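Visitor: Below are the features listed in TrEMBL for this protein:
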BINDING   H46, H49, C56, C59, H60, C89, C92, H93, C108, C111, H112  heme c binding site
DOMAIN    43-113  domain 'Cytochrome c7-like'
TRANSMEM  6-24  transmembrane segment
Amino acid sequence: MKIVKIVIMGLAMVVSIAVIGVTANTMGADKFALDGGGKGEIDFPHKLHQETLGDCKACHDVFPKELGVIKKMKTQKTLKRKQVMNDTCIACHKAYKAEGKKFGPIRCNECHKR
Ligand code: HEC
Ligand code: HEC
Ligand code: HEC
């Protein structure tokens, strides 16, 4: 009986470690650079947004969880140029500002490097 218990406990541990591993992976990188065309790239704090917003939908209802996908969708014309910038990023930052909450950048050079 004892051995069965130990085996079960061992299996449970392996399973939970695997689950933790998968969860950590699917969160994506903490920060990365986004392509901003002629205005230069944007340093994007991904983890800060995940923690501040508490869910993924504000962005990932618009584009999937994949690095480089915004650029890819613009090439395929499933997203217009500056669409994510205006309708997702800046729209939310402005809404938070209007509500008197802590908000993100609204001016060009606060996001873009050029
Ligand atoms: C404020 C916007 C925003 C929110 C909210 C957000 N993400 Fe992302 N996420 C992005 C952007 C931008 C990219 C990169 C897209 C690109 O490179 O074109 C990305 C990419 C990713 C990737 C691929 C990155 C990598 O390192 O492989 C994963 C995985 C991901 N997100 C998971 C999540 C999860 C899980 C949540 C919710 C807990 C979440 N994201 C919330 C904006 C966001
Ligand atoms: C909150 C951050 C942010 C601010 C503020 C911002 N941008 Fe952007 N910009 C982005 C992101 C993210 C992209 C890439 C996604 C897209 O094209 O929608 C982008 C893309 C661009 C592009 C490239 C579009 C293309 O595909 O050719 C240009 C040009 C640009 N922005 C100019 C500006 C100008 C001018 C301003 C100020 C009026 C500005 N941006 C303000 C985040 C921002
Ligand atoms: C649904 C709301 C929402 C969306 C969508 C969103 N942001 Fe933000 N962003 C915030 C808030 C809120 C803050 C302020 C968080 C803080 O400082 O605690 C912020 C802060 C930032 C900052 C400043 C971080 C710092 O260190 O001061 C940058 C840069 C930024 N956002 C870029 C972007 C870009 C680029 C996108 C689009 C891909 C985006 N955000 C989409 C809500 C949003």
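A Cβ is built for glycine as well, from the same backbone N, Cα and C atoms used for every other residue.
Owing to the predicted nature of the structure, the values given are computational and were not obtained by experimental measurement.
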Visitor: If you draw a 10 Å sphere around the Cβ of H60 (heme c binding site), how many other Cβ atoms fall inside it, taking every protein chain shown into account?
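Guide: For H60 (heme c binding site), the count of other Cβ atoms within 10 Å is 13.
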Visitor: May I ask you to report the DSSP-based helix, strand or coil state of C56 (heme c binding site)?
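Guide: Coil, per DSSP.
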Visitor: Please check each of the binding-site residues H46, C56, H60, C92, C108 and report the ones with a CB atom less than 6 Å from an atom of ligand 2, ordered along the sequence.
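Guide: The ones that qualify, in sequence order, are C108.
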Visitor: Just to be sure I understand, if DSSP states are collapsed into helix, strand and coil, how many residues of the domain 'Cytochrome c7-like' (43-113) fall in each?
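Guide: Breakdown, helix to coil: 39 helix, 4 strand, 28 coil.
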Visitor: Starting from the Cβ of H112 (heme c binding site), draw a 10 Å sphere and report how many other Cβ atoms land inside it.
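Guide: Around H112 (heme c binding site), other Cβ atoms within 10 Å: 18.
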Visitor: Tell me, how many other CB atoms lie within 10 A of the CB of H46 (heme c binding site), whichever protein chain they belong to?
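Guide: By my count, 15.
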Visitor: Taking only the residues in the domain 'Cytochrome c7-like' (43-113), give me the average pLDDT of this model.
Guide: 98
Visitor: Looking only at Cβ atoms, how many others are within 10 Å of the one on C56 (heme c binding site)?
Guide: 14
Visitor: How many angstrom lie between the most widely spaced Cα atoms of the heme c binders H46, H49, C56, C59, H60, C89, C92, H93, C108, C111, H112?
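Guide: Site span for heme c, by Cα atoms: 24 Å.
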